[in-house]
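The structure appears right after this line, and notes come after that.
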């Protein structure tokens, strides 16, 4: 069950990955892991910094893992948001 | 009117030997594309066997002094009478020797002895710390005119087998001259923000070679004599610390982020510079970038980028300029000024090779 908030968050994550890192939306939504999307290790660090600024979530190095799919990343950010 | 330290001379220097990414790819398991996309760096310079940090510091210092002399002759930012330099502050974490400091020999070789001369150690933030120290001494009346140099030769402390650090770091130096002046002049240093967090000491370190290891009486564990860095954690901390420091300083001097014409951040990695720009809401054309041609030159980085940009028209009189750095310690710091009229010579080895506004990191 996806809450409206996490739906918005997922859309925002997909948009950032497209705009900032050139990842096609259909590939991000395909259920592929970040590893399988062939991003380099700094992209998740950069993504964490953008989300920290936009959402005020305190994402540490390693909170977003390259084994994650987009839904895992949304869940990780939601968990951090719940702690704020 | 209160007294201020005013920037009135600037110069940069790199050693003669350039090392292209393709050369590193012949020696290590890496590629030009990997290095360019991860860091934005295309080449770096390294000293020859037998050379030392003071050799770079002397050349950069000489050029900054010459810049101050020519600027004064042309009636620019340094139009007044010309007292001699009476202070030399050198930022470095690769001194010629563990003891003594390197600044006195630099002052001696520049013919400035017997001036006050000492080193400041804050790794990649070293230049900002040295600038704050010298500016404070000028403002307090302890010095009339200061030569502030940032110089490092990290090629001497990198593990030859480490493909990451060898791709990132290069040797280089930059220097500025500060004089006593007024706070409303172009070139006056308008404020500083400095900070540290020793809880992050392990993120950027050379483990062996200091008192902690030498007091054991045992040889250093294998590899501990080399520089090491925890890259991804450093990336995050660098972006957050430089952004917060920049914001604190802007707030302190009453500049809005959108009024900033140029940000000259420590040249660590073009992706760090972009991420700082993103945090501060700065357009990419506000970022001064020269790391594509010199790599990360540690304490040399900010003044070398300033000299390169000033000589190639990337910095113009009247612009609102923010300097910000982050480095081992952890340490960070920022400074701000309105860019003055300066006569600055191109950095030999970099002239005619225009800084790339935005090196392409996405192939």
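Glycine is treated like the rest: Cβ placed from N, Cα and C.
Nobody curates TrEMBL annotations by hand; they come from automatic prediction.
Taken from TrEMBL, the feature active site applies to B:124 (among others). A simple way to gauge crowding: the CB of residue B:124 (active site) has 33 other CB atoms within 10 angstroms, across all the protein chains here.
Residue B:266 (active site) falls outside any helix or strand according to DSSP and counts as coil. Using a 10 Å radius centred on the Cβ of residue B:266 (active site) and all shown protein chains, the other Cβ atoms total 31. Look at TrEMBL and you will find B:266 (among others) tagged as active site.
Summarising the annotation, TrEMBL assigns active site to B:296 (among others). Spatially close to residue B:296 (active site) yet at least six residues away along the chain are B:41, B:124, B:154, B:168, B:169, B:170, B:266, B:267, B:268, B:269, judged by Cβ distances under 8 angstroms.
Per TrEMBL, domain 'Beta-ketoacyl-[acyl-carrier-protein] synthase III N-terminal' is recorded for B:118-198.
Feature annotation from TrEMBL assigns domain 'Beta-ketoacyl-[acyl-carrier-protein] synthase III C-terminal' to B:253-339.
Per-residue confidence over the region 'ACP-binding' (B:267-271) averages out at a pLDDT of 96. Annotation comment: TrEMBL describes B:267-271 as region 'ACP-binding'.
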Within the domain 'Beta-ketoacyl-[acyl-carrier-protein] synthase III C-terminal' (B:253-339), count helix residues (DSSP H, G, I), strand residues (E, B) and coil residues, in that order. 36 helix, 22 strand, 29 coil
